[in-house]
Amino acid sequence: MILIKNAQIINSLHDKVEKADILIVDDKIKKIGKDIEENPEKMTIIDASGKVVMPSFTDIHCHLREPGFEYKEDIKSGSRSAAAGGFTTICCMPNTNPPVDNRAMVAYIKYRAREVSPIEVLPVGAITKGLLGEELAEIGFMKEEGAIAISDDGKCVMNANLMKNALLYSRDFSIPVISHCEDTNLSEGGQINLGYVSTITGLRGIPREAESVIIARDILLAKETKSHLHITHVSTKESVRLIKMAKEWGVNVTADTCPHYISLTEEEVLGFNTNAKVNPPLRTQEDVEALIEGLKEGVIDCISTDHAPHHKDEKNVEFNLAASGTIGFETAFSVLFTYLVEKNGFDIGKIVELLNHNPRKIIGLSPNVLKEGEKANLVIVDLKKKWEVKEENIVSKSKNSVFLGKLLTSYVETVIYNGKILKKDGVLNC
């Protein structure tokens, strides 16, 4: 048994904040109430005074690198990193080696996760065989085996007819298509956002329309096919406008952006910081503001981390040779609190919706809720704690965080999943 004392419970934007104790028995919340009787001999007692308790988080877009790239990350190390950041459900992308493009590979990911992961790992299947953009993968069989979405993330499905067929199949199998929107005819060879910083650094730029033209295409295809299109890692103001327009049309489109896109700009790459090389690239302050407004209005539905671990040897090279991507599990909540709550006046309940209710709804799961009889999936957060992101404190096998050296506010101190304590008082136990 676990007893959390003096909890300030935040379930969502619309629920009132409740101050109470939480009693956890086995994997469920047994009781929520005032002054629950303590029994130190039979229960673990956690004092949450001055902290908030909220449902644990879900990430619908991450990379665990297994199989094939275990030197960067694997299912066990990635899951531990996710747990450290408060995530107890994560959806891993199929760009592994071999790719997750068939029933057997989906089964493998699920088997490995059951074997080594302390949290829930859900596989995303590929749209096309081998992620080659030439032939549709086994969408129906992968859905049967447990894939929760399909995506060729890391690559764009450039063939519009193939993408249309993928959307048609996804509709028939009731599975969302997660679209990586990048016109490679426009972005090929690009390193950073096309603009002021690309000009002064001499690095080849990626025009913003490389993202928005594919978003426009996919919205029209989703409208025609009446399919669920999910647009991932949105980075430009034009993209936000297009998604807003699509929702006004009644298109079944959802979208996410990432912590680094709502907090940082292209100026992070001044000095050729390869940890700031991500795809899509960091954009301008105008884009940051448009993304924040999109989150506020509900145009962008949720936050994903796009946790993309890379070995130090793939980052400690010339900028144009460096791999694209940043890790994100362990900093996600703190970045959102620092840049959305502290700096832009978001309600903390809105962050719960962006990290729990909305991503789970997109992939067809009910939200984690702190109510009697529900599964005990929760985090305890110190909203006042300030901490610096340091390489030596990162749990992930790779350390390529764009937030290294930055000071963030709020810290996920304790994580409980299905009644098991994965992290307590900042110490990971899984």
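In case you wondered, yes, glycine gets a Cβ from its N, Cα and C as well.
The structure displayed is predicted, hence computed values, not measured ones.
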Name the one residue among Asp301, Asp306, Asp313 that Swiss-Prot lists for the same Zn(2+) 1 site as His61, His63, Asp153.
Asp306
Residue among His230, His233, His260 sharing the Zn(2+) 2 site, where Swiss-Prot lists Asp153, His180 as binders:
His233
For the substrate site that Swiss-Prot assigns to His63, Leu64, Arg65, Asn279, His310, which of the candidates Asn95, Asn102, Asn344, Asn356 is also assigned?
Asn95
If I take the alpha carbons of His233 (Zn(2+) 2 binding site) and Asn279 (substrate binding site), what is the distance between them in whole Å?
9
Including all protein chains displayed, how many Cβ atoms other than that of Asn95 (substrate binding site) lie within 10 Å of its Cβ?
21
Closest of His61, His63, Asp153, His180 to His310 (substrate binding site), Cα positions, binding-site residues only:
His63
For Asp153, Asp306, listed as recorded positions, tell me which one has the smallest number of other Cβ atoms within 10 Å.
Asp153
Can you tell which of the binding-site residues His61, Leu64, Asp153, His180 lies nearest to Asp306 (active site) in space, using Cα positions?
His61
